[in-house]
Amino acid sequence: MELFYRVSLHEIIADALTLVEEKELSSKHALERIFKRVEGKDKETARGIAHAYVFEIEKWRAKIDFILNSVLRGSKVEDLDLYLANLLRIGTFEMKFKGVNPAIATDSVVRVVKEKFDLTKAKFANAILREVEKFNVEKALRKLKEKDRIEWLSVRFSHPRWYVEYIIDMLGYDEAVRLLLSNLRPQRYYVRVNTLKADIDKVRRYLEENGVRVALTPVDDVLKVLDYEKPVTRLEWHRKGYFVIQDLASAYVAHVLNPEPGERVLDLAAAPGSKTFHAAALMENKGEIVAVDYSYDRLMKMKERMKRLGVKNVKLVHADGQSFIDREGFEKIILDAPCSSSGTYRQFPEVKWRFDEEKIKRVISVQRNMLLNAYRNLRSGGEMTYSTCSIRIDENEENVIFALEKGFEIVDYPFEWGDKGFLEIGEKVFRAWTHKHDCNSFFIAKLRKP
Ligand SMILES: C[S@@+](CC[C@H](N)C(=O)[O-])C[C@H]1O[C@@H](n2cnc3c(N)ncnc32)[C@H](O)[C@@H]1O
């Protein structure tokens, strides 16, 4: 039996926003799931439009919610039914950010509310969106700036308040504002050449012949995409695994670790595999990499990618990196720990709204357990990288100091680019920043087991 059910673009966007929040998916993955069930000749166009909406609404959510909370008076958008809240966010975004005619924006939302809920809720949505239409955002922001400058920054640049406070403390006011601004700019793409299948000159020529302008970077096998006619992921050589999209700082980790052909390497939080596959390429597929991850779904994605990239020396293991033990031990370990992802706001704006202090404390405890477990798995004289895409000192430098107290030594690695870090080990660790290095904000330290 074949069934068709008509849905509007607004429903798809509200579904995606709801999935992003409830299942903690990225915008892209939420839409991938939804579009598996969508057919029609305009599917790809619709997916592109929906993605742009979801991405921008997640990016601007603090400002959108500020508007809604100002007109809701008394109640808060976070307390409403999530699907209804998301529909109101879409309406507000269309009116106040996209310049859609307010009557049209309101009507599209109210129609969906009527269908999904009832007439009372539809009247409520209609009343709220009429208030949004009349609301003077600039005036309200001016008032807020006088009253509470941190809150103003948080709303004006749409970042969590804790993050604004944290980076002002860490970087000072002016630099913090530069970081906030850089997180709002369009994502920068980097291409890592898969040296198991190609070399940088060939890939560079191929990309340029296909309308992609690129530049060299401080990382040998990585190119910066300056502009393109069609997305690089739609090119034949991407499909064939000659290159992958990988952020600049993330692609620095394997170079810092420097795994050699024939070695035994452990990746304790491996999926979706960017660093594992990079290590495999540096090892020329010789030796063994044991790639552990807690998420079965992500490991399965890794399996697919492995085939495409021609990676042959990786064993996938579904296990907890806090307790996984392999008695033979390893010469090298990659620990790219789960973290608050607070360095990836430009790429994944939805993660801005996912972490509070409580959750960050829990993730730090996992990071520390993984460091202790890396120590158990490392052979004497073995080396490892500890990296995160977090900006926070407690997830980075403080964890390294914790590792030193537990027996590790820090390797004084000659980082060729990036910034120094903080605290007493600051000189010996690596930091990249979105506003300075045009990539994710990132941390790397190299450790050794004596
Ligand atoms: C930052 S991501 C790793 C990215 C990966 N290294 C790469 O370069 O593609 C963190 C990973 O840790 C995994 N993870 C979270 N908790 C874990 C645990 N207790 N044991 C193992 N993996 C875990 C998550 O599933 C996620 O895939």
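FYI, residue positions are counted from 1 along the chain as it appears here.
In case you wondered, yes, glycine gets a Cβ from its N, Cα and C as well.
Any TrEMBL annotation is an automated prediction that lacks curation.
S-adenosyl-L-methionine is bound by ALA269, ALA270, ALA271, PRO272, GLY273, SER274, LYS275, ASP293, ASP336 in TrEMBL, and the record lists one more residue there from ASP320, ASP326, which is ASP320. Spatially close to ALA269 (S-adenosyl-L-methionine binding site) yet at least six residues away along the chain are VAL292, ASP293, TYR294, GLY321, LEU335, ASP336, ALA337, PRO338, MET370, judged by Cβ distances under 8 angstroms. Reported as a whole number, the C-alpha separation between LYS275 (S-adenosyl-L-methionine binding site) and CYS389 (active site, nucleophile) equals 13 Å. ALA271 (S-adenosyl-L-methionine binding site) and CYS389 (active site, nucleophile) have their C-alpha atoms 14 Å apart, to the nearest angstrom. Site extent for S-adenosyl-L-methionine: among the recorded binding residues ALA269, ALA270, ALA271, PRO272, GLY273, SER274, LYS275, ASP293, ASP320, ASP336, the largest C-alpha separation is 19 Å. The candidate set comprises the binding-site residues ALA271, ASP320. Of these, ALA271 has the most other Cβ atoms within 10 Å. ASP320 (S-adenosyl-L-methionine binding site) sits 20 Å from CYS389 (active site, nucleophile), taking the Cα positions as reference.
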